[in-house]
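These come from TrEMBL:
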{"type": "DOMAIN", "residues": "26-405", "note": "domain 'Major facilitator superfamily (MFS) profile'"}
{"type": "TRANSMEM", "residues": "41-57", "note": "transmembrane segment"}
{"type": "TRANSMEM", "residues": "63-87", "note": "transmembrane segment"}
{"type": "TRANSMEM", "residues": "99-117", "note": "transmembrane segment"}
{"type": "TRANSMEM", "residues": "164-186", "note": "transmembrane segment"}
{"type": "TRANSMEM", "residues": "198-219", "note": "transmembrane segment"}
{"type": "TRANSMEM", "residues": "295-317", "note": "transmembrane segment"}
{"type": "TRANSMEM", "residues": "324-344", "note": "transmembrane segment"}
{"type": "TRANSMEM", "residues": "350-374", "note": "transmembrane segment"}
């Protein structure tokens, strides 16, 4: 199907009362799933920066222990492209809905189990081994969660509002980051001994509640009309024994341009985002020796500001185009990167907090607000889930997985 045909199906569905009702359910479902994914990953990043080095690597020097904690953090990014290919293929073959139920369940279970891992002092080397295994499971499920939500929303959204509607995915990431930051901020107010013993585990254990609710919501969401139309067309082709035997004479770059464009879009957003949430949190806490609450507070406030920046970015992309809006936010990020570390090294708590807030809200969050709609429009329906998911996660492993290190 052409983009014009896809837009026609989405617009026609949205213009019916039943279509708008299903659309609202899909929006909430995709927002909730993305919120959970980013809450889980933000929690892991915060824990890796502040407590995992003491719980799982106590025999190492502080610097080595911190680096090892972030090595486990990167394991999730290795798992993500594998999960993207596996679940993306299933999503293109059997539909978006069932796959998205499976991914969020897997994420919820693995995140919850992290909270139950005994410390190194109790089971020795098995503690970090269990941490790595569960982190891999978490990344495996997350590999197709964000893209699944993006694809579903993009296929449901009316064409003239796709940028604004698709920014809900970025709002979900923002909501998850905010939730994780708020809960973690409460936990770090505990005394050091209690926090190390059991306090850090509470947010991980609680993620199962969000997962169960999300699975329930997704069970009641219908498959996208665009996918159903594509599925029916493919069934007709098989019944009529029609085969697509024509050789694709385009060059490699022409065939793969959309894929590599999506990889680049993801790198431009994901690297700075995880740099702020992972490395900078650890840098402020372990290197600058500021209180744990400083960086956590900054991330939380930036997430609040993002509720304005993200939909604004989506709206601007509908009005002025995806490309020019994306480039504008990238330019802001490049300009801001130079003075950012000098401001952090001032060790003034207010300046540090403001530096992190500006970096996250005016750059990476704005970029994310544009990315979703642009990504959906790059690919055709047939292999959209697989290609988009793998491209996103390849971009993640090239940027976000290595950013903290």
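Note: Cβ is positioned from N, Cα and C throughout, glycine not excepted.
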Relative to the transmembrane segment (324-344), the stretch among 41-57, 63-87, 198-219, 295-317, 350-374 with the most Cβ pairs under 8 Å is 350-374
Recorded stretch that, among 41-57, 99-117, 198-219, 350-374, has the most CB pairs under 8 Å to the transmembrane segment (164-186): 350-374
Lying 6 or more residues past either end of the transmembrane segment (295-317) yet within Cβ distance under 8 Å of it, the residues of that chain are 42, 46, 49, 163-167, 170-171, 174-175, 177-178, 181-182, 184-185, 188, 276-277, 280-281, 284-285, 325-326, 329, 352-357, 359-362, 365-370, 372-374
Could you give the mean pLDDT over the domain 'Major facilitator superfamily (MFS) profile' (26-405), rounded to a whole number? 83
